[in-house]
Structures are given as C-alpha cells and as structure tokens.
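Only one structure is covered here, and it is reproduced in the block below.
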Amino acid sequence: LALNPWDVILCISGTIISCENAIVVVVIFYTPTFRAPMFLLIGSLATADLLAGLGLILHFAFVYFIPSEAVSLLTVGLLVTSFTASVSSLLTITIDRYLSLYNALTYYSERTVTRTYIMLILTWGASICYGLLPIMGWNCLKDPSACSIVKPLMKNHLIILSVSFFMVFAVMLQLYVQICKIVCRHAHQIAVQRHFLASSHYVTTRKGIATLAVILGTFASCWLPFAVYCLLGDYSYPALYTYVTLLPATYNSMINPVIYAFRNQEIQKVLWTVCCGCFSSTMPFRSRSPSDV
C-alpha cells in the first residue's frame with residue numbers, strides 16, 4: 001500500500017498518547033498512596049488512553065506490514081474498546097466529582113470504594129462488549145455496502161457508538177451544571193462566613209466555572225465532530241473526512257493526562273521525586289477531593 005500521511009500522523013499521535021499515559025499508569029500503579037477512588041478512576045482513564053495509543057500504532061503497523069482481515073478486526077476491536085472505555089471513564093470521573101461535592105460528609109466511606117469498583121466493572125464490561133462486536137461477526141467484510149465511515153465497522157455499530165456518546169455527553173453536561181451550582185453556593189457560603197469581599201467570591205466562582213468549562217469544552221471539541229460525522233457520513237464519502245474528524249478525537253486521549261493527572265499535586269510530587277529528587281519519597285500526601293483534580 002502507498003503510505004498515507006494521515007495514517008502516519010495517527011501513528012505519531014498514538015506514540016505520544018502511549019508515552020503520556022504510560023507515565024500516569026506507572027505512577028499510580030507503583031505508588032501505594034494512590035489507592036483512593038479518584039486515583040483508581042484516573043488510572044482507568046489513563047489505561048484506556050494507553051490502549052488507544054497502542055491500538056493506533058498496531059493498526060498502522062498491521063495495515064502496512066502485515067495486512068490481514070483477522071488482524072484488522074482485532075486492532076479495530078481494540079480501538080473501539082479503548083476509546084469507549086476512555087469516554088466512559090470520563091463519565092465516571094464526572095460522577096465521582098459530583099458525588100464528592102453533593103455527599104461530601106459521606107464520600108470518604110467504604111460505600112464510595114464499592115461504588116467505584118462497580119463503575120469500573122460496568123465501564124470496562126460495556127467497552128469490551130462493544131469492541132468484541134466486529135470480531136464476533138458484526139462487520140462489513142462480506143457486505144461492503146453495509147460499511148460505515150470506519151471500515152470494517154458496520155453503519156449500525158457506529159450509530160450505536162455515536163448515540164452512546166451523545167448520551168454520555170448529555171449526562172456529563174448536566175452533572176457539570178450541577179457541580180457549578182454547588183461550587184457557586186459553597187463559595188458564597190464561605191465568603192459570608194469568613195467575611196470575604198464580594199470580589200473574592202466572584203474570582204473563586206469564576207475560576208471554578210472556567211475550569212469546568214475547559215474540561216467539558218475540550219471533551220466536546222475533540223469528540224463532537226467525529227460523533228456527528230458518524231451519524232451523517234456514508235462509506236462512499238472520501239476517507240479524508242474521516243481522518244479530519246477522527247484526528248481531533250485522538251487528541252482527547254493526548255490531553256486527558258494533562259487535565260486529570262499532571263495537574264494533580266500528589267502526582268506532580270511523585271514525578272518530581274522520580275525526575276529530580278526534589279521531594280522526599282516519604283513525604284506525606286494530602287488527601288484531596290476529586291473536585292480539586
């Protein structure tokens with residue numbers, strides 16, 4: 001096959017994604033203090049994005065060096081599983097943030113740990129089921145007219161994935177609206193109790209809303225173009241449209257470690273310890289609320 005520049009770009013993106021998220025996975029896995037629910041969810045997100053990056057690399061390698069229908073189904077199944085798990089993990093993190101604010105008094109309890117494991121099981125169980133569909137026969141290898149914009153996925157399969165994404169996005173939007181309301185209410189209460197100036201309350205509220213807007217805006221800008229095109233596009237459309245909308249979706253897995261992991265102070269301390277030795281490895285960690293991450 002002639003080398004497609006878009007495939008090269010996706011492969012490079014996959015390499016960057018893999019390196020970033022591998023760091024997060026290793027840090028969380030080898031740090032005993034990172035066993036709180038929020039770190040488990042961040043680890044789940046990093047694992048999903050790591051698999052997505054590896055999937056992009058393997059897809060490129062197999063397409064150009066080991067062309068095979070069976071291998072193509074495996075790599076596409078891996079990509080579907082990993083990207084679905086990534087989006088679902090973002091939803092679980094949003095739910096965890098909301099509950100940490102809504103049920104602040106009971107958040108640090110055994111029930112939260114149990115709920116976290118249940119969310120992880122549901123997230124990965126559903127993602128693996130979605131990824132197994134092409135391998136189990138739901139593909140268009142024998143019927144090209146049933147293909148979607150992403151071969152060998154069927155049009156119906158991609159529609160289900162797109163509808164699922166819009167449902168996840170709607171739930172996340174609603175939860176972040178509620179989080180904004182809670183943050184504004186808490187900031188106002190603190191300002192009243194501590195006799196802060198109105199301007200201080202305004203700055204705190206604006207900062208919180210701006211952070212949530214960046215999180216949700218990044219997610220939407222990365223995934224919405226591809227999700228919309230999955231519903232409107234057809235297999236007969238130029239492949240260029242697929243690449244142009246899919247590439248920003250991969251960038252979400254590149255940005256996630258920055259938003260959800262590298263901004264966390266505890267993870268920053270571990271990274272500085274490993275890289276520069278600037279902090280003692282025995283330094284106690286301050287337990288933070290997921291809403292601060």
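Positions of Cβ are set from backbone N, Cα and C atoms, glycine also.
Nobody curates TrEMBL annotations by hand; they come from automatic prediction.
Note that this is a predicted model, so its numbers are computed, not measured.
What TrEMBL records for 6-31 (among others) is transmembrane segment.
Mean predicted confidence for the domain 'G-protein coupled receptors family 1 profile' (20-260): the pLDDT average there is 87. Residues or ranges marked as domain 'G-protein coupled receptors family 1 profile' by TrEMBL: 20-260.
Here TrEMBL flags 38-66 (among others) as transmembrane segment.
For 72-95 (among others), the entry in TrEMBL reads transmembrane segment.
Annotation comment: TrEMBL describes 116-138 (among others) as transmembrane segment.
For the transmembrane segment (158-177), the list of distant contacts is 80, 84, 87-88, 90-91, 94-95, 97-98, 130, 148-150, 212, 215-216, 219-220, 223-224, 227-228, 230-231: same-chain residues at least six beyond its ends, Cβ to Cβ under 8 Å. Residues or ranges marked as transmembrane segment by TrEMBL: 158-177 (among others).
What TrEMBL records for 209-228 (among others) is transmembrane segment.
Listed as Cβ neighbours of the transmembrane segment (240-262) (distance under 8 Å, sequence separation of 6 or more from its ends, same chain) are residues 6, 9-10, 13-14, 16-17, 20-21, 23-24, 27, 42, 45-46, 48-49, 52-53, 56, 83, 86, 90, 93, 149-150, 214-215, 218-219, 221-223, 225-226, 228-229, 233, 268, 271, 293. Annotated transmembrane segment per TrEMBL: 240-262 (among others), in sequence order.
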Please indicate, using numbers and ranges, the residues of the same chain that are 6 or more beyond the transmembrane segment (116-138) and have a C-beta under 8 Å from a C-beta there. 37, 40-41, 44, 48, 73-74, 76-82, 84-85, 88-89, 91-92, 95-96, 152-154, 156-157, 160-161
Between the stretches 6-31, 38-66, 209-228, which wins on the count of C-beta pairs under 8 angstroms to the transmembrane segment (72-95)? 38-66
